[in-house]
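J.: Shown below is the structure under consideration.
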Amino acid sequence: MAVHWEDRLQEPEPTVSPTAGPHENPYLIGVGRADCTGPPGDVPLMGYANVEQTAAGIHTRLFSRAFIVDNGSKRVVFVTADIGMVSQRLRLEVLKELEVKYGNLYRQDNVILSGTHTHSGLGGYFQYTLFMITSKGYIKPSIKAIVNGIVKSIDIAHRNIKPGRIYMSKGELEESNLNRSPHSYLNNPAEERNKYKSNTDKQVTLLKFTDLDGDGMGMLSWFAVHAVSMNYTNQMVSSDNMGYASYLLEQEKNIGFLPGEGPFVAAFASSNLGDASPNIRGPFCANTGLPCDYLNSSCPIGGLKMCVALGPAGSDMFNNTKIIGENIFKRAKDLYGKARQEVRGPLHAAHQWVNMTDVTVQLNSTHTSTRGAKPKTVEGDPFWDGIRDALLGAPSNETQDCHRPKPILFSTGEMTWPLPWHPSIVDVQMITIGPVAIVAIPGEMTNAEVVVAGLCNIYTHYITTYEEYQIQRYEGASTIYGPHTLSAYIQKFRGLAKAIAEELPKGPEPPFFKDSQLFSLLPAAAVDKKPINTTFGEVLEQVDPEYTVGDVASVTFVAGNPRHSGDMVRDKTFVTVEKYHNSTAYWDVVHTDASWETRFHWVKNGAESNATIEWHIPLSAQAGSYRIRHFGHYKQRKGFLETVILAYEGVSDVFRVSKIT
């Protein structure tokens, strides 16, 4: 969340000028949004680390949303994208593109990139081995779509910059997040826990952007919740609960525009969501329906695998996404309408590269701790430890001492083949807009003093308190720099706060590996085949002739692999729902695959594939005649060695939609 800095960090406070007077010149403000979806077929989804969970269609499209603020002498940029997290590789590629376009205007220090943490976005945009293994390596079409989308959103904000004002509003949101590790939280000191009325951060912080006439330009909001309402069984690209909140507010503000279009930009960004789950009914045993064991999150029969957390609608992930997204949207809409506290004052930005393997943390006046190597861990097991020692060697004594009480499976900080398994050099970054400080955290925070914008710039897993680390639940076990990770980051961010007024060393730059050094485990998409006596785009299962609002219209086409659609994956659509207008004899597009109401299922069967398009007809749909169209591309052989990619399209029969009588 964006907060007044003095509310969160006790000492030392940053040097920030006081709020300016009422006659100060307004800011220059630019907002922009662009598609960053990527190829929705075959590519692993990023978040659940399940290589079998690969993209097979689109639930909702993914977007990057950019906000530029300029006071005439300095400029800052905040971008939040519908992706799992920002990787170091992604950030470096974006900044290279910005340098080519804008020179030194957009830089390491004044551009923050954040991910919403949807677990249903595409992977393949990392350069460290552990992440590459879980997403089938480095997938160029995937990262290209994200880089292009982020840069384009900044381009749009840059072109549209104009004088405006910023207002801030804060409030609490209930029944939308739950602490998934309450046992770990209770290990924090009582005097710290007593400062809060809940074990989960309920605060929503919102920035409202307007032009000088008071007309809304956009909104940027932070709330602590995982974007995991779409669970690990989902195979459609989806922006999840935070994306749905953006969808609702943008559709309300951009009247007459299709999703992803229109001038108003509404962004719901991640904050300290490390242990904040949208599954507010808590964990239950899938086989018995009884609550899971409190301490171990396991079931008497089936163990950990049978323990699943449920959202407000139980196991229906689409309704869970809808409910949580609506809750976030409604609270933000309310706060947006109430925003009266104007944000004024100077802009500042500070950034530093930090090698987390050798940071010395000042624990108190007499004791320090030095960060060690970075392991990826699971619960210790003699069998797997033996396999590890035989193949890779045991972790060093230094590493084991550094990370106690964590049992180490793979000492990834000491593993460098074929590339380093985890990053050593990370970003710490902070920007201020008047009295508002946005601190870019490169991971998933739990209960910490300095928590502002999460999953920024590079991904380093979780960041727990020292006390939560001792419990070694998932969050603590995934805190890769050891028990004093939070203290290290607080120390570095305090340094950034001072750097607002002082010069700060740049720090060691991270590696940027050549494409030839990166590996991909995803084979090229094969030539498409189709059933005998059919053509691509031909209807296999036709729509019904009539539907009533609330029904689901469905049609299945002979399809090609979505990976063959290239640039079609951005700024275009695989699906349209169209309504016929008698007066003009014109088909009007009312929905695309960016709409909540449509679902594009891509079903692969060997070299053949189908596309099933569903339109969940909303109660607001007008009565009339409709059709569903599907667009795509297929690969076929041209001669013995060459292949060619060709476009196709299909259209359903016309069907009638009527209102409920």
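Each residue, glycine too, has its Cβ placed from N, Cα and C.
Sequence annotations record features per position, and here TrEMBL assigns active site, nucleophile to Ser277. Per TrEMBL, Zn(2+) binding site is recorded for His117, His226, Glu444, Tyr462. TrEMBL lists 495-657 with the feature domain 'Neutral/alkaline non-lysosomal ceramidase C-terminal'. Taken from TrEMBL, the feature region 'Disordered' covers 1-24.
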J.: Cβ within 8 Å of the Zn(2+) site centroid (His117, His226, Glu444, Tyr462 excluded): which residues?
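T.: Counting only non-site residues, the set is Ser270, Leu273, Gly274, Ala276, Gly443, Gly454, Leu455.
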J.: What are the sequence-distant neighbours of His117 (Zn(2+) binding site), meaning same chain, six or more residues apart, C-beta distance under 8 angstroms?
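T.: The answer is Gly47, Gly84, Met85, His226, Ala227, Val228, Met242, Ser270, Leu273, Glu444, Gly454, Leu455.
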J.: Compile a sequence-ordered list of residues in the same chain as the residue listed as 'active site, nucleophile', six or more apart from it, whose Cβ lies below 8 A from its Cβ; state 'none' when nothing qualifies.
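T.: Counting only residues 6 or more apart in sequence, the Cβ neighbours of the residue listed as 'active site, nucleophile' under 8 Å are Asn177, Leu178, Asn179, Arg180, Val225, His226, Val228, Ala309.
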J.: Count the Cβ atoms, other than its own, that fall within 10 Å of the Cβ of Tyr462 (Zn(2+) binding site), considering every protein chain shown.
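T.: The answer is 20.
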J.: Taking the Cβ of Glu444 (Zn(2+) binding site) as the centre, how many other Cβ atoms fall within a 10 Å radius?
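T.: If we count other Cβ atoms within 10 Å of Glu444 (Zn(2+) binding site), we arrive at 27.
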J.: Can you give me the average pLDDT across the domain 'Neutral/alkaline non-lysosomal ceramidase C-terminal' (495-657), rounded to a whole number?
T.: 92
